[in-house]
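Working notes, beginning with the structure itself.
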Amino acid sequence: MFDAVPPAETQPEEPVDPIGLFVTRPQDGEVTAGGNITFTAKVAGESLLKKPSMKWFKGKWMDLASKVGKHLQLHDSYDRNNKVYTFEMEIIEANMTFAGGYRCEVSSKDKFDSSNFNLIVNGKMNSFFLLLHSTEGLDESGELNFSALLKKRGDGKSDSQPDVDVWEILRKAPPSEYEKIAFQYGITDLRGMLKRLKRIKKEEKKSTAFLKKLDPAYQVDKGQKIKLMVEVANPDADVKWLKNGQEIQVSGRYIFEAIGNKRILTINHCSLADDAAYECVVAEEKSFTELFVKEPPILITHPLEDQMVMVGERVEFECEVSEEGATVKWEKDGVELTREETFKYRFKKDGKKQYLIINESTKEDSGHYTVKTNGGVSVAELIVQEKKLEVYQSIADLTVKARDQAVFKCEVSDENVKGIWLKNGKEVVPDERIKISHIGRIHKLTIEDVTPGDEADYSFIPQGFAYNLSAKLQFLEPPKIHLDCLGQSPDTIVVVAENKLRLDVPISGDPTPTVIWQKVNKLLFESEGRVRVEKHEDHCVFIIEGAEKEDEGVYRVTVKNPVGEDKADITVKVIDVPDPPEAPKISNIGEDYCTVQWQPPTYDGGQPVLGYILERKKKKSYRWMRLNFDLLKELTYEAKRMIEGVVYEMRIYAVNSIGMSRPSPASQPFMPIAPPSEPTHFTVEDVSDTTVALKWRPPERIGAGGLDGYIVEYCKDGSSEWTPALPGLTERTTALIKDLVTGDKLYFRVKAINLAGESGAAIIKEPITVQEIMQRPKIWLPRHLRQTLVKKVGETINIMIPFQGKPRPKISWMKDGQTLDSKDVGIRNSNTDTILFIRKAELHHSGAYEVTLQIENMTDTVAITIQIIDKPGPPQNIKLADVWGFNVALEWTPPQDDGNAQILGYTVQKADKKTMEWYTVYDHYRRTNCVVSDLIMGNEYFFRVFSENLCGLSETAATTKNPPKIFWYKNKVDLSGDAKYRMFSKQGVLTLEIRKPTPFDGGFYTCKAVNERGEAEIECRLDVRVTKNMTSPNLPNSLTL
């Protein structure tokens, strides 16, 4: 069956199977004809005593071990680390007959598991050609139907295929490329498509009703939405939409829209019924287009399966497709099966399922059967046998020891049947040790002097029958541990702590022995973790990652298999560096030195301590500096050459013959420092009836240790007792001493404090009397407030004015001579300044503000001017003063509201009525009249003017009025409602069109223009004459004014 077969494109691994023997099951695969594919199954071997048996089948019965060869390979391997068996089926150079269902079975003594999977083989040619016939692409009326020609190629994976507009490609391509494009995109009726292309390519005369017509063709996926849009010359024109010549009515699926000159037809949820010709009709003109609705390809979701039957039995092929009632094509050996052969084949549809039924099979019905859709292909093989072969005795599994004889024997019902013997899927070749015999109905395979290489899966396959008799040969060998020296006394291995111990122990035995490691008289070790065992086919590895003291002891390794067992003991000794000493003690701290003391470590690592190493570092640093290069034998050390004011830490190491211990914990931080000098410039800043304000500067010499703060004290005149003025230390260089008794005379002093202690005291030599001092009020007006303060409407105003005066002055604010309203304006006062705050400025906040300070009969006053401005209003009374040639004269008056600021100029803009896009003609223009030039004769324009001040342009503009309205009259009768007359106004030219004029249309016609400034009219006479050769005119005439 397998003339060619598929490694796989990458198969995604399935999650671990918690049930059964499989760790990973084979996945469904897909391959292109001629490609390779590999199916992989993984079996958990941890609970198995021997290698499991794996069989691969195609369909329900065909054992693929008999098909191993050029196009099919079977492989297996074993991962000793993870205890997982891996089995692979590799198919090479696949062809279409390989598609179908597959199955793999794994067994081991009383355990069994199986898994099904499918293979899809895609043809190299576009499967679209398999369904199209010469009549496809035509609808019932014989018209070309592009919906059948624009379907996508490929294997049904529409998501990965970009949308291709074949219609547009054909329009742009030269004729020499037509056949190449037809082959590439699956077009079978190229001639019909070219006829339609030629018809659409004809140049159309310029349309007067349409500015933009429909495209020649549109394409949409089934179920999607599409919009058909035209642009008409007359925005008030009515349009009709036709489908295949019939007018379309508004419904939930058909929506009409009119947006300016655009007319849009929206079709929701497109179906095959919408695949038609569409027209948009405006008056007597039409715009045509074709809409093509694409169907998704029909996919085969469940492929056919191979079958084997006896002559006369019923055969039923079944497959499942992606769409109900889909059309499929059945073939046998490449020849299509038609419905005219109903006496032999019967076709059946049931929803998405498709059936091919053969009621009474014959030998001639054997072959390959194919079902095809426009999106996939599935192939299955049918084998019809004339008679059935019976197996009286099948071959059985054998378990033998070295040098023994192994005999596989089977008996079948027909003594003339020959067969072949396979070993792991490959044919067995007889030699001096291996004999093959066939006597009557009995077939034998004899293997002398069995070796480990003979262990395998053996199969007998009768020729001409789909049978596969399989059995397993298992080779047994007692287990053995191969160490260099084995005796009653355990071997000793010394390992340094923190190092890795790896011990390789060679072993032998068949089946592969089970390895058990244990610490004598203690629990068994696990196969994972810091202490673990790695098991391989011919050796095992004992590993200790980062040996520790607790790992010392005697370890026993035991190997077992069904034939016997073997043991060996190994002693492990761990030596280590000493434990770290305790944190050292620091004493006798001086300006640049200290004394360090420590104790020996509690554990010396099994080796004597040879000495110690001392290190120090700055507290905020990560870099430790070694203080000694020769080992210290004593337990004390005097560290010198330190920097005053720097915080240090110390640590100690213990050293033995193995190495240096981990560092001890760091000592308590310490700092070699001296006290700072006394503060400087200590003075009294202010005095009241109950408080005294002091200030000073930091000491001239602070030192590297910094300052923790200052302590302030006072003493009464005549006393020697100093009392703290503040609770605790203060970090500031100012202090306000409160709750003093009025009239007391006090001395004050201040000291600087750091880790080393107190500095000398800075003292005020003369006593200070606690009593208020009078100071004249004075306002210090900031420079920017000495001129007018200009703010915009909505901005925040925050004015701070500092002042001086004691005792605290009374503050008052006035605006334009009136007291300020506290609800509208916020005022906040302190001992040294006053603040005026307005959250959102308004125009009424403009004015002159006064601030007055008063202490008893002394006052001080300043004035502040605030101006609030806003954007101006639009200009007034804009008008067209004159129009001549390409020029327009405009006039206007200044705005009524100037925004409380001077008008700086105007901005003049123009806009064509057709586009209504505004362009600036003048900006920052100071006059109230201007001339706009370079206009186009006959066009209508709008003009607007913005006013401008410091805040910017006005919010709105003054705009010229709309153009006049036009009326037509015949003999003083209004023609507006008469459908016979069409009226146009384009670029200043007024036109009246009379459809099919007759002599009765003669008379006086009047055109009247009306706007808000007045009206104008013009009159003419029309005579309609009929010639002798014309009974009636058949072309419209027009009257142009």
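Backbone N, Cα and C define each Cβ position, glycine as well.
What TrEMBL says about a protein is an automatic prediction, not a curated fact.
Pulled from TrEMBL:
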- 12-120: domain 'Ig-like' (DOMAIN)
- 205-282: domain 'Ig-like' (DOMAIN)
- 296-390: domain 'Ig-like' (DOMAIN)
- 580-676: domain 'Fibronectin type-III' (DOMAIN)
- 678-773: domain 'Fibronectin type-III' (DOMAIN)
- 777-865: domain 'Ig-like' (DOMAIN)
- 874-965: domain 'Fibronectin type-III' (DOMAIN)
- 951-1019: domain 'Ig-like' (DOMAIN)
Please list, for the domain 'Ig-like' (296-390), how many residues fall into helix, strand and coil according to DSSP.
6 helix, 48 strand, 41 coil
Within this structure, do the domain 'Fibronectin type-III' (874-965) and the domain 'Ig-like' (296-390) have 3 or more Cβ pairs under 8 angstroms, counting pairs 6 or more apart in sequence?
no
Looking only at the domain 'Ig-like' (777-865), what is the mean pLDDT?
88
Number of helical, extended and coil residues in the domain 'Ig-like' (205-282), per DSSP:
3 helix, 41 strand, 34 coil
For the domain 'Fibronectin type-III' (580-676), how many residues does DSSP put in helix, in strand and in coil?
0 helix, 32 strand, 65 coil
